[in-house]
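Structure, as structure tokens:
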């Protein structure tokens, strides 16, 4: 073929492809294209610019691919902060450490382990006085986050010599979960086993209590340990260091402006699969109905149409919803900051070597940023209060913010009462401290990203392959200061009702599917027990639908036992008719606890404790599966204790043997929990 191509090229050597007219036309077209390009460039050059202090002096353009070692060397850095983050907190903590490094003669960079070759840790010793910090969250049942999975497996399966690597680990977890901070603990131990040197003791953050307090307490030990280890005698000035440079656009092509997209420009207008966390699918809502019969609380059953999206889900998976902040809160914040929310702007990282060029998609408007990209409703962390204090003209307000940002016992107590217990967000803080007038671009830099919300899918993919059902309680409550706080996603979803007239379009919601390990046994004849009070019923509704379908198809199906709990039969007994129908046709055995229908409160755990023989029959005698979904702090812990007690009593085992038995069940996926605190 190569010979034939050469012969063909030789025979055409003397033939001209273009005549004079063709060349003239091409030249004209190229001239028009050049004029159009320069016109847009000129438009975008009309902007308002602010000069701010950069986080690092290095400005080498990245040509190193996935080599963090080259980035460190070319930019004169010695600190790299890796993060494993599912909701953004781990990334935020890593960013704070890297940013503070300049104060301790260690310029730093933030790194996503998913984007780099982590095998290069063996080369950290080539950089003098270098340090790797790992801020790693534990997710699910003791699992690493998605972006840290490859790094975690590399540590498990590899045997690299990490002699010369200096490291520190801060773990992010939740004490209500059984595998509290399992990832951080493992990585800290494993790095030492491979020869690395621990510079500071392991830090453990508990999100069920006050993870911010845990982090700053650890950080107060971390920096002195670093200074002592590397012989750093002096620290840099404690000054505010900006990470992003602002450009406000007076003229810009609107086709280049982001309007709420997660990543790709126009992805919400020009939809194309595959759909995932960075490219959600705009799913029409076909059903949005109230499940509670009475009372002042609300629980919604919502159905999304995914036909034609090529998205697939398995029973037990999660549906992620990208919601938006309440318009009223956005308007309030705009007025407090004294800005025109429709101003278009770009925030660009002053660190040219950083893989994160912008904090969120840019260019965009302040309104879009506060509506879709920034979390304006959560309690701000202490580093935000410290930055806000610099913009207070009232000394008392400034002192109060600085105190709450400190690590003193009085400051921590004030932060816990004034921010956490009183449930103040950024809007409330600026309302209650009228002298605090930060620039909006600094607010955009400081606030964390608005995260998607995950819901257990409450339908079976075998019965409903083209629709995804979720079950969600609407969150709305009064704070101690008398303000009305609303759940970002649930209150937004509550207003998205499908039209009564079929010719009208349905409301659209950006969603994607997250896979889960919460699965039915592969053999339908395996017996199962499901424990899910309140909206913990959601995934079990899908489980029951699937088992009912198998039964109707004539397949052998094992015992399907559900423990459900609510307050009152007449108020919040969700899916009552469905469940009772499954009982009537023989698919389901049902136990319901009504906590407030009698003087003595009764919960699902009370019913479970009464049925020890049946519980042991399923998990001990027939290798059945046990599932728990709902509250992690009380219900899931009580269920765990009951199961251990039953294994001891009915299985004639000692405490240690019973715990080993339960661990084996977990390893075999026969004991699964999908819980939250």
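Cβ coordinates come from backbone N, Cα and C, glycine included.
According to TrEMBL:
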type     : residues                                                        : note
BINDING  : 85-90, 137-140, 172-181, 207                                    : FMN binding site
BINDING  : 297, 535, 595, 596, 601, 602, 603, 604, 605, 638                : NADP(+) binding site
BINDING  : 453, 454, 455, 456, 471, 472, 473, 477, 487, 488, 489, 490, 676 : FAD binding site
DOMAIN   : 79-223                                                          : domain 'Flavodoxin-like'
DOMAIN   : 278-521                                                         : domain 'FAD-binding FR-type'
TRANSMEM : 17-38                                                           : transmembrane segment
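For the domain 'Flavodoxin-like' (79-223), DSSP puts the residue distribution at 65 helix, 35 strand, 45 coil. Residue annotation for FAD gives 453, 454, 455, 456, 471, 472, 473, 477, 487, 488, 489, 490, 676. The furthest Cα pair among them is separated by 23 Å. When the binding-site residues 140, 177, 453 are ranked by how far their Cα is from the Cα of residue 605 (NADP(+) binding site), 177 comes first. Considering only the binding-site residues 137, 140, 177, 180, the residue whose Cα is spatially closest to the Cα of residue 453 (FAD binding site) is 140. Counting every protein chain shown, 21 other Cβ atoms lie within 10 Å of the Cβ of residue 605 (NADP(+) binding site).
Residues 297, 535, 595, 596, 601, 602, 603, 604, 605, 638, recorded as contacting NADP(+), have a largest CA-CA distance of 26 Å.
Among the binding-site residues listed (473, 489, 595, 603, 676), 676 has its Cα nearest to the Cα of residue 85 (FMN binding site). Here the Cβ of residue 453 (FAD binding site) has 19 other Cβ atoms within 10 Å, regardless of which shown protein chain they belong to.
Of all the binding-site residues listed here (455, 595, 601, 676), 676 has the Cα closest to the Cα of residue 174 (FMN binding site). Residue 455 (FAD binding site) has 140 as its nearest neighbour among the binding-site residues 88, 140, 297, going by CA to CA distance. Burial estimate for the binding-site residues (137, 473, 489): highest at 137, by number of other CB atoms within 10 Å. Checked against residue 88 (FMN binding site) by C-alpha proximity, the binding-site residues 473, 595, 676 yield 676 as the nearest. Across the fold, the C-alpha of residue 180 (FMN binding site) and the C-alpha of residue 489 (FAD binding site) stand 27 Å from each other. Among the binding-site residues listed (140, 177, 595), 595 has its Cα nearest to the Cα of residue 473 (FAD binding site).
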